[in-house]
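Visitor: Below are the features I grabbed from TrEMBL:
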TRANSMEM  C:6-22  transmembrane segment
TRANSMEM  C:29-50  transmembrane segment
DOMAIN    C:61-111  domain 'NADH-Ubiquinone oxidoreductase (complex I) chain 5 N-terminal'
TRANSMEM  C:70-95  transmembrane segment
TRANSMEM  C:107-127  transmembrane segment
DOMAIN    C:128-428  domain 'NADH:quinone oxidoreductase/Mrp antiporter transmembrane'
TRANSMEM  C:133-152  transmembrane segment
TRANSMEM  C:288-306  transmembrane segment
TRANSMEM  C:313-335  transmembrane segment
TRANSMEM  C:341-359  transmembrane segment
TRANSMEM  C:390-412  transmembrane segment
TRANSMEM  C:432-455  transmembrane segment
TRANSMEM  C:486-505  transmembrane segment
TRANSMEM  C:625-641  transmembrane segment
Amino acid sequence: MISLTHYLVVSGILFCIGLYVVLVKRNAIQILIGIEMMLNTAILNLVAFGRYDKLNNGGQMFALFAIVLAAATTAVALAIILNVYRRYKTIDPDKVDQLKD
Amino acid sequence: MNLLTLLIFIPLLFGLLIAVLPSGWRNSFKYITLLATLVQLGISLQMYFQFKIGAANAGINNEGQFQFVQKLPWISLDLGTMGKMQIDYFVGVDGISITMLVMSALVMVVAAIASWEITKNLKGFFVLFLMLDMAVFGVFCALDFFLFYLFYELMLLPLYFLIGMWGGARREYAAIKFFLYTLFGSVFMLLVMVGLYLSVKDPATGSHTFNIIQMMNPANYDANSIFSVVNHQTIFGFPARTVGFIVLFVAFAIKVPVVPLHTWLPDAHVEAPTPVSIILAGVLLKIGGYGIIRICAGIFPDVAVSGSFVIGLLGVISIIYGALNALAQRDLKRLIAYSSVSHMGFVLLGIASLTAEGISGAVMQMVSHGFLSSMLFFLVGVIYTRVHDRDIYNFRGLGTMMPQFTVFVMIGFFASLGLPGFSAFIAEAFTLAGAFKSTSINGLLPHWMAACGALGILLSACYFLWTLQRMFFGTERLKGGEQWKHALKDLNWREKSALVPLALMALLLGVMPSLVFGKINDSVLALVSFLQHK
Amino acid sequence: MAYHALAAVLLPLLAFVINGFLKGKASGWVSTIAILLSGVLAIIVFNHTFNGGTIHISRLWFTIGDTQLQAGVLLNNLSTILLLLVNLIALPVHIFSMAYMGHDQRYGRYFTCLSLFCFSMLALVVVDNMVLFYAFWELVGFSSYLLIGFWYKKEVAIQANKKAFIMNRIGDVGLLIAILVLYSQYHTFDLIKLFGEGGLISQSYIKDGMWIAPASSIPAVWQYIACVGVFLAVCAKSAQFPLHTWLPDAMEGPTSVSALIHAATMVAAGIFLLGRAFPMFNTSELDVLAIIGCFTAFMAATIALTQNDLKRILAFSTISQLGFMVMAMGINAYASSLFHLVTHAFFKCLLFLVAGVVIHEMQHVKDENHLDIDPQNILYMGGLRKRMPLTFIAAIIGGAALVGLPLTSGYLSKDGILIQAFEWADTKSAVYMTIPIMMIITSLLTAFYIARLIFKVFFGKLRVLDVKPAVLCHISDGGWQYKVPLILLSVCCLFPVFSLNPLLYEHSWVYRAFMSAEHLERMNIYHTIIPVGLNIMVVVVIYYAYAVYVQERKMLPFAQNNWAFDFSYHQWYFNKAYNTLFVKPVLALSGGLFWFDRTIIDGFISLLQNILLWLSKMADVFDRYVIDGFLHLITAIVQYIGNFVRSFQTGRVQYYLLSMLAVIVAWFIFKTLI
Amino acid sequence: MTAANILFDIMSFIALASALYVAASKNLVRSIFMFFVTLFALAGLYVLALADFVAVTQIVVYVGGILVLILFAFMLSGRETLDVLQQPERKVWKVSNLPALLIVGLLFVVLINVILKTDADHLGWVSDSIKSKNYIANSGDMTANIGINLMTRYLLPFEVISILLMMALVGAAHLSRKEQAV
């Protein structure tokens, strides 16, 4: 029996790594990967807690939903990245700074 | 239409006319101004001849005895519990002002003639000139303190610009000095005026009033008011009425000017253009003396009596100090300015004596000095416009080159130094007579004061004769050489037409002083008896 | 009669006015005819009025306060005789002037001024109140000023007229003060009310240090001051010590003017004033008068001894003779004083006209030969008696009258004064005897200097020839304009005009007119011994002078370069002394006061100005740096914060995220720790 | 130490190590492939958490779908895109990364702190579910249960998700069309 805390620790570490990737990378696709990583840690948590809900199986159900949504997100995100690339000839988010005042 | 109102506002009318005329007509402005002053002179003469004399027309503190009175409610504010604020347009003349009016009118004509030399910004000059003209007449006629103050202030402004814009090299300095001095005086006058307003109640309406004649009656003062006659209020530990008197006196003394407050005069005169000098010396200085008689002595008679020693002392100091200073000058205009200080000292001495002779003499001296100083400043202007120099040491032997000019200078100088036959002699003699008599009549002035005043007559002879000898006699020697000799032409008809009336008036008043004394005598007697009953 | 007198006064005024508009030679005739008519009127007035009591008319001039000023004519013996005298002197001088000034460019102006003077002088004599008296007193001085400086291009002349006027002004101020003191005491200017018989002056007295008049009383010191004032006026007009220095300088004017104004008439006005105001002097004040007069007479005589300028000698002689008159007033010899005034006017005028002729001829010689000499210097003259006999005779008569030789008018008046001086000194302590003795000495000096003058001018040989031997000398008595006045005045210098008895002054009608009968007794030995003794001494002195100057014997008692000579020659150094004592200090004082005015008073004002300016600058600084600075600080902070915050808005999503996270983490840490 | 624990450790190590590589790698393609490893390791962890179906879905959707999509996305978009994407970074450690590292480290500390404080194994509902045997044991097939639940209890979310998924796909397709079609 693997304790919940183990899962949580692993997911916490993984989340931090994902976050780091999101913050640091100069590449939209890598950032996307970071996001996916963070999503996965969330899913891991859901799954881990889902063990204790046998009847409704809520953890696993929502883990499934999350996976599907992640797929959708990725698809849209990639499409956006492609469009950004077409317009700016780069996918470095630092250089796409039209939000700057 | 009331003659007096007409007299006051005629210049304004013509001034507006000039203001609306296009600048292309600028050559006609001087004629318009001259016409305005001539009309004014005509009206004032008409008033002079219509003026009724006799004890029943004495004026001074009796409202009914003023002549050519016009009284219109002007500003009327209902202040609820504080009563009613009432400012009247209230003008009228008595013996003292009528002579001033005629004198001023004549001086204004001369000043207008002297304005021929002005060449730049004619429109501004003549509009300001006429505005000044109006204010001067307003001051002499106003019987409402507020109106008086208004005209008094209105006088400053045109003068400031006239000196500051059309003056000599250091004109800004002189203009600001003049402005500061006189403003200093009038600001405090405003305070006293408000204090008086709050102290005096018109018995007819029961509300506060600015009426100067009401202010002369001690019964009209509220018992608890600051300037109350009965209750001796104090300001900073000094009696309030004394403070009020001193403040008003300082305001007018600056105008006169009295010695420690005189230094604006030489500078203003030296820098001012000739017409402004003429008005300044001829008319404005008289406003000081007139104000002291009408306002200071009229409203605060008790203080005037107790303070007459100091006033007389200031007068004597002015006489001697001014004369000695004149002796040290080498600028002709400055010399005459200092001689003005000396001569106006007689006015103060005469007023301080509080005798009929003294006050009559003082009024006479004002009239006479009005004519003579105008003449002298005009004469200086004649030289200055020709060669732009006034240094006495730079001229010699002008008598050969400009004989007519020299004759007028001699008339002006000798009349000023009190040669009998000219008005100044009568004025100075009777001023001193009043001062001497004061000891035995009311014991206000000691004899020595009058005797010291007489020294001024001696000193004035010294500086005038020195100037005559130095500048006009002897062999010709000019700093500017042939060029100056060429420039120094004798008087032209315009200058003569300005000088002749002045010389004639000085002579006429010297031979027939009754022209002045006849008109003022009743007023002076009324004033003296009014002052004696305090 | 008063109107005749008024007309006599106003005629010269009319001439003055006409001449003011006239150009050319006619003005001389206008003035002369005016003075002639005036003279005729004066004679008529004199005939009717003299010894006939007082005539007084007046009209209201003007009212001032309660005082009514009357202007009027007052005719009594004093004014009538002076009216006549002035006219009689003025007429010959006018005639003389027409020739003497004939070539002057400003001929018309000369007669204009001369008429003005005559008018003022005549009016001065007849006016009836103090104000008018003062007015004409000063006008006389003014016209004298104009005439002294007539040649206004001459530097000395204009210096002299300035000096004369200012000196006179000192006297005027004194007179004015005196008049005003009297006015404040008696409340009237009327001469009769003041000085007349039983007038206000005679009713007032000094008691317990107060001067008590019928109407009021003031401290007694003012009585003295009034007297000093009158006395100053007298000193100034009549050139008495200490105000005498202007008269010698006044000789820079035309000689005819000197004859009329500075010898006969104007300078006599001081004596006239003394005569008018005589009642107000008390004994001690009269003593002072006597001493001053005596001193002046002596001093002027000593100065006259050494002068070389013809006119200056006569001027000092005039001062000396006026000193006699003042002294006579001082010793209460009122009548003699006025008598001497009259006789002196004639003989001094005569002497001046003689001098005028001589100078005119010398000037002529100078111009003709282009010499560089002073035409007035007696050292260049000499031997003129043969060339101008009439002038010489006139000079002898004038000189004799001045010295006081018998048969002349001068003998009558001068000896009268001397006799009365001795009588007066008898009544006083012995010290006072010095005064008559001084007067005797002065008389002898007078004899010497006038003898010197006449001998130098008319005897010996013409010394111009020493300068340039080949000069052309066309010297003569001149035309009728010169001769007639000289003859006229010479006649008036002889005794018959004044008294039928050539030896007794008491018999003179002029003397009697001013003296009541009881004083006419010859009371003592002086009346005999003084005239005789004096005349003997005078003759000796004249002979001595003759010996020295004509026979040229070396008999001078002292050399020409010792201190006494210098002292006399430089007129006792009065000019220098006055310059050092009064003129320079006054100028220094005025300079100092001007400095005071510029530096202290103006300095104070500009100090105030600077303080105001400084305050306003401080306010400006405060406004700019403190108040504005505060605002600027706030805005700067806001801006800084804004910029700081703005720096976060990089537009880089990762930064936003990072900062969001940072906040969240911070919050977490915060929550965890607390 | 059971085998499950050992497996868990191995799996989690693989997951973390590969994730670290992803974070550290500068090469995009390599990091993508290392991300596969991470996902696989995570799927293993799901299995260890007794969630077989989820683990399978993870592999199918993520590994089979998303990652392939990513790879295809830039592989299909042309050569120049790849060039841009593969520009190597010059330094391994950049100073500019330090704040991120710091923040992440802090967050990590916070997270661990929270996790340890929470003591998830003894939470109220976890204890309750153990008591009431409502937990998934090693034996038994949960897939049927998932299917039933999906069609009954979670029908609405299921449908909503499917519509959302479709919209996302349509949107993605629309976005990634060529310019000229716009």
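Each Cβ is built from the backbone N, Cα and C atoms, and glycine gets one as well.
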Visitor: Taking C:29-50, C:432-455, C:486-505, C:625-641 as candidates, which has the most Cβ pairs under 8 Å with the transmembrane segment (C:313-335)?
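Guide: Looking only at C:29-50, C:432-455, C:486-505, C:625-641, the most contacts with the transmembrane segment (C:313-335) come from C:432-455.
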Visitor: Are there residues at least six beyond either end of the transmembrane segment (C:288-306) with Cβ under 8 Å to its Cβ atoms? List them, or say none.
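Guide: Distant Cβ neighbours of the transmembrane segment (C:288-306) are 231, 235, 239-241, 244, 274, 281, 312-313, 316-331, 424, 435, 438-439, 441-442, 445-446, 448-449, 452, 565, 568-569, 571-572.
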Visitor: Can you work out which residues elsewhere in the same chain, 6+ from the ends of the transmembrane segment (C:625-641), have a Cβ less than 8 Å from its Cβ atoms?
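Guide: Contacts with the transmembrane segment (C:625-641): none.
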Visitor: Grab the same-chain neighbours of the transmembrane segment (C:486-505) for me: Cβ-Cβ under 8 Å, and only residues 6 or more beyond its ends, written as numbers and ranges.
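Guide: Sequence-remote neighbours of the transmembrane segment (C:486-505) are 88-89, 91-92, 336, 339, 342-343, 346-347, 349-350, 353-354, 357, 390-391, 393-394, 397-398, 400-401, 406-413, 415-416, 419, 511, 531.
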Visitor: In the same chain, which residue numbers or ranges, 6 or more beyond the ends of the transmembrane segment (C:6-22), come under 8 angstroms Cβ to Cβ?
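Guide: Same-chain contacts beyond the ends: 30-31, 33-35, 37-39, 41-42, 45, 73, 83, 87, 108, 111-112, 115-116, 118-119, 122-123, 126.
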Visitor: Counting by DSSP secondary structure, give me helix, strand and coil numbers for the domain 'NADH-Ubiquinone oxidoreductase (complex I) chain 5 N-terminal' (C:61-111).
Guide: 29 helix, 13 strand, 9 coil
